[in-house]
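K.L.:
Take a look at this one; I'll ask things after.
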Amino acid sequence: MTKQSIVIVLFAAIAMMACLQRVTAEPAPEPIAAPIAEPYANPEAIASPEAKDLHTVVSAILQALGKK
């Protein structure tokens, strides 16, 4: 490897490290739940009548996949 190649590789590594440092410094956005999923987010909602529909759908999918 020539000196020029080594210098180019070092500058590329420094640039990559600087970019990674900038990316990790920015906080990740908070995930936003879909409006339809929000009623099922708390434990009390699992016992609600609306949750029965969700349970029926999940059970049907699992049965279609051959699981109980």
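Including glycine, each Cβ sits where the backbone N, Cα and C put it.
These came from Swiss-Prot, pasted as-is:
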SIGNAL    1-25  signal peptide
REPEAT    25-28  repeat 'AXPX 1'
REPEAT    33-36  repeat 'AXPX 2'
REPEAT    37-40  repeat 'AXPX 3'
REPEAT    41-44  repeat 'AXPX 4'
REPEAT    47-50  repeat 'AXPX 5'
MOD_RES   L65  leucine amide
K.L.:
To see if you understand the setup: which same-chain residues, six or more apart in sequence, place their Cβ under 8 Å from that of the residue listed as 'leucine amide'?
P.N.:
none
K.L.:
Once the DSSP letters are reduced so that anything not helix or strand counts as coil, what is the residue listed as 'leucine amide'?
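P.N.:
Its secondary structure by DSSP: coil.
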